[in-house]
Amino acid sequence: MCNVAEDPSSFSTITIATTCRAEWPKVSPCIADGRNHTDCCLKKGVQHDCLEICSGSTKELGVHSVLCLNLDLQAIYQCIRQGYETHPSAPGNVTISELTAHSVTVQWTEPNSNAHLVENYTLFIRKNEHGEAVRTVKNVISPHVELGLDPDSEYVLTLQSHSANGTSLPSTAKLFSTLPTTRPPLCTIGEPIYMNDGRVMICDAVNPCPNGFRCTGAGSDLSYCCPHDGTHSSEEFTSCCKEQKMPESCMSSCQYNMTLPESCKENLNTWVQCASEGHDHLRCCLQEEVSKPCQTACMHPFTVPADECFSEVSKYRTCFSAAHQALPAAVRNVEVSSISKDSATISWEDLEANIIVFRVQLFEKGGNLIKTENSSADIFRFIDLEPNKDYSVRVTAINFLGEGPPSWNATFTTKPAQIYEGDRPVAPEKLRISWNSGPRVNVTWDPVSVRRNAEVVTKPIEYTIYYLDTEQSSTWTTLRTNQTWVVMRDLRKDALYYVYVTAKEDNRTSRSSSIITILAQKDSPGLPEPTIVIEPDHKDGVFSPGEKISINCSLPNIKKHLNIDLTVGSHVVQNDHGALWVILETEADEAMDTATCAVSDTDGRQHVAMKHLVLERKASVTMKKDKIRVLDDQSVEIECIYRGGGLDPKISFEKDGKKASRGFLNLKKTEAGYVAKWHIRKVKQEDAGFYKCVVTSSDGSRVEASSEVIFSTETLPVNPKLILQCCEDEGITGDCLQACNIGRTSLSIKNQNCTRFAVSLLKCASDIRDHSDCCIASGVTSKCLPLCSGDSFSPDIDCSEHAVSIMTCSVKSHEHAPSEVSNVRIKASEGKVNIEWDYPLTKDYKYFAVYYRKAHDDHEDWHKLKTIQQNIELDVDPSEDYEVGILAANALGHSRLMYSAIPKDSEPRRSASKGSSSAFWIVVILVVFGVLIAGLAVLSKRRELPYPIGKFIGRRNDPNQPTVAFENPAYGEPWGGAEVEIRGLGGSATTGTAAATQSEWQSANLEANSTTDNSHEYRNGMRYAKLET
């Protein structure tokens, strides 16, 4: 089983398939040797039950594998032998370093086997939790920094090597945990300042907050910068003046929007000390050109000569009040989203609605300002940059009151102006035999001094020589040296050997040299190296489909006849007798990736040279979505992907046949091609329509794709109880009801057993929002995706298995909503009800919806009103009870409802026009009622009362049956709430056992009084209760 070099005999195959089948979990990893041979096995028709051997798996083979072991074992061994020569092994020495709360740095070394064949690496990372998705990052380079991780979370990662012919198995999995981050309390207004790695910016006396922020959390372990609460700043100014004994006539000047009058000149220092709040405002004072003797008002000791500096008061006020004006906060999350050799796209997070422009500044590495640009969107693209150069950028938000503090700098380096992997050394050239004694052969080559991008190598080059006995071995032998020659020893006499060499600088390995064949025979020289020339000579090696090319393979002028075979894709040409060259003229097509020229003689010796060709793919452009549904004031992203057809395509978007004017373009080059995204912020009705992604290549060819943006303004449900009420009405019960509930944990994919409710779930999940992205991530098949986007759908398609996933995505879209309202206040008067409520201060777009209907009437429709104010007036019937629900909403969804009630008037109001006689009788009735109430109050003092009177006044005069008043604490929480337990209402005053007391109040039912106490039935309506909402 372990001797892969030879195919097993028929008898051995039977034994392996039966007796030895249980040993495969031990053998498979060994013979796979860190490489994945599955692709080859599939091409050779190996059955599914035996593919575990090809992938080096440790899984046991099932009973059904007996057949494929008998039929496919030889094919499996052939693929494994082939993979030894063409597949790299897994990356080695994978290590984790430089952990933060949101990032990790990964390093690795080249594979132990076939490192020269590696073209790129792929990183796989996921949270170490059940059901978490795997993030795939292609073309990573060691060391690699992976960003966007969650703090205080455990992750697992592996790496995979890729060559042109296959891949390795994943490397040994690495487990690590990101660092925790302390989330500070929420600021009164806005959010604290965060660093680029997600940590909060710490402030103290040495590191003060920028203008517009104050250092809070004093006395705790964490002090951070929060935006100034402008509603309290002047109050603090005034209180400071009072404490400093400011004269009453000057107190009106202790406001940030006031200056100090001349009559208060002698109190200038008191005004300065309170207005400055002890902060250093020197930078602002210098900008305002405050005279040097008067600058001590802007910094310690905050005292100035009043006569000399009183004229500077207006400048002081400008600086002191700047921190309390509604200036923009610092721009957050500045990122360099795409980088090329001469351009870079900068994006950031726009959190405020009143920004009029962003100032974007570009700096050189030394800090010199190069460019200053203005952007009305939260993205900007710098062009005409220098290749392979370090830059930094920062962004400042500006509104009508002024500019906020600058963001943190984001640094980046433009790409070199060379071809892919230009930092690798070039392949060694002119590999040849220096001398040959038979068992020992000296081979030499020209030294490598430059990289593929023409830069000079700066570190020592290590050469690796590979040689293989073509007849008796399948394993390459390697030798390493820092010289440009090496002696291969102990060769088998008269044997043929393949030999090639690679160069390595640090961890970057070149492509292989040409391959020569050596005959281990005394004084047997090698063959000359062929030279391949391709016309036209594209420096980047990229050719267009259908382009006419000429490939020439030639030898130096020698007198010996040699055979020359030139192979390009499916084309093979040979030289004429005695000719030292061969030419192939053809058109470039997709089958061409390498030009191979082999020179051979009659002794079996060869010298093989190769040259790689890169072919452009046929131009195509596709839209990510054919239809995009958006809501009023929502942002939309129209994405198209362009593949092939030109090195520098021009990509633009059109709307209804004209160039799109509202929005901005974000372009990014990826391994798959170009990804273009057209962003439109705060969509309006006029933005709806058909959008085209138009791509024009350098040769003038044009391709395009279309997508429709569908606009909708209705975001509120007809029924305020939303999805949950629909599910309850449809009879969905048990755990399946959790999928309908906003804020609850949805069912995991493994536990879905709700197919009996599938039709009902899909009905209630119907929504105008587009949930396609969520559904795709949840594994919903393409045939069922129309249910996620509100499109037309064929009832003949069965989507019951995806019902819970579709419902979960529908619910998630509603969770991205404003927070709920609080402190609802109701004031009723003469048939009108005024309702007010509180809502957190925010600059985000929102409005409120108020639902109301008569209580205790489930058949009456809800009435719905919308407002942008935090109050509303309703016309209601004063003789009816009403239930009211209020929610906050925006384009992303709406909050949970806050319920309340409007009680009816205790007595209908009478008209005031009935005259004085009506007033007289009202007074008489009130006097009679007063006398009656007073009499009942006197009677109630007596311990024993006749039954009718006692029942009438509701007395419970049994001292052993105490009473209690309670209200339902879950009122207004229709989806849940705490239970309430009422203890101590039952039993007598005598001492009972603990068990008896426990069982007495734990009963879940309302329990009537003892049947033996009929004479006092009115006194003891219930003994105790446990209520569950």
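Each position is counted from 1, following the chain as shown.
Cβ coordinates are placed from backbone N, Cα and C, and glycine is handled just like the others.
Annotated in Swiss-Prot:
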DISULFID  Cys640-Cys693  disulfide bond
DOMAIN    90-181  domain 'Fibronectin type-III 1'
DOMAIN    185-227  domain 'WR1'
DOMAIN    330-417  domain 'Fibronectin type-III 2'
DOMAIN    427-523  domain 'Fibronectin type-III 3'
DOMAIN    619-710  domain 'Ig-like C2-type'
DOMAIN    817-909  domain 'Fibronectin type-III 4'
CARBOHYD  Asn36  N-linked glycosylation site
CARBOHYD  Asn93  N-linked glycosylation site
CARBOHYD  Asn120  N-linked glycosylation site
CARBOHYD  Asn165  N-linked glycosylation site
CARBOHYD  Asn257  N-linked glycosylation site
CARBOHYD  Asn374  N-linked glycosylation site
CARBOHYD  Asn409  N-linked glycosylation site
CARBOHYD  Asn442  N-linked glycosylation site
CARBOHYD  Asn482  N-linked glycosylation site
CARBOHYD  Asn507  N-linked glycosylation site
CARBOHYD  Asn552  N-linked glycosylation site
CARBOHYD  Asn753  N-linked glycosylation site
SIGNAL    1-22  signal peptide
TRANSMEM  919-939  transmembrane segment
* Structure fact -> Here the Cα-Cα span from Asn409 (N-linked glycosylation site) to Asn552 (N-linked glycosylation site), rounded to a whole number of angstrom, reaches 52
* Report, as numbers and ranges, every residue of the chain located at least six residues beyond the signal peptide (1-22) whose Cβ falls under 8 Å of a Cβ in that stretch; write 'none' if there are none. => 30-31, 60-61, 65-66, 69-70, 73-74, 77-78, 80-81, 474
* Asked: Counting distance between Cα atoms, which of the glycosylation sites Asn120, Asn482, Asn552 is nearest Asn36 (N-linked glycosylation site)?
  -> Asn120
* Structure fact -> Taking all protein chains shown into account, the Cβ-based neighbour count within 10 Å for Asn552 (N-linked glycosylation site) is 17
* To do: List nothing but the one residue from Asn36, Asn120, Asn409, Asn442, Asn482 whose Cβ has the fewest other Cβ atoms within 10 Å; the candidates are the glycosylation sites.
  => Asn482
* **Among Asn93, Asn165, the most crowded of the glycosylation sites [Cβ within 10 Å]** => Asn165
* Asked: Per DSSP, Asn165 (N-linked glycosylation site) is which: helix, strand or coil?
  -> coil
* Note the mean pLDDT of the domain 'Fibronectin type-III 4' (817-909), expressed as a whole number. => 76
* Asked: How many helix, strand and coil residues does the domain 'Fibronectin type-III 3' (427-523) contain under DSSP?
  -> 0 helix, 46 strand, 51 coil
* Structure fact -> Note: vs the domain 'Fibronectin type-III 3' (427-523), the recorded stretch with the largest number of Cβ pairs under 8 Å from 90-181, 330-417, 619-710, 817-909 is 90-181
* Between Asn442 (N-linked glycosylation site) and Asn482 (N-linked glycosylation site), how far is it from one CA atom to the other, in Å? -> 15
* To do: Compute the C-alpha separation of Cys640 (disulfide bond) from Asn120 (N-linked glycosylation site), stating it in Å without decimals.
  => 26
* To do: Could you tell me whether the domain 'Fibronectin type-III 1' (90-181) and the domain 'Fibronectin type-III 4' (817-909) are in contact, taking contact to mean 3+ Cβ pairs under 8 Å with a sequence separation of 6 or more?
  => no
* Cα proximity to Cys693 (disulfide bond), best match among glycosylation sites Asn120, Asn165, Asn482, Asn507, Asn552 -> Asn120
* To do: Select the closest residue to Asn120 (N-linked glycosylation site) from the following glycosylation sites, measuring between CA atoms: Asn165, Asn482, Asn552.
  => Asn165
* **Cα separation, Asn165 (N-linked glycosylation site) to Asn552 (N-linked glycosylation site) (Å, whole number)** => 26
* To do: Measure the Cβ-based neighbour count of Cys693 (disulfide bond), defined as the other Cβ atoms within 10 Å of its Cβ.
  => 27
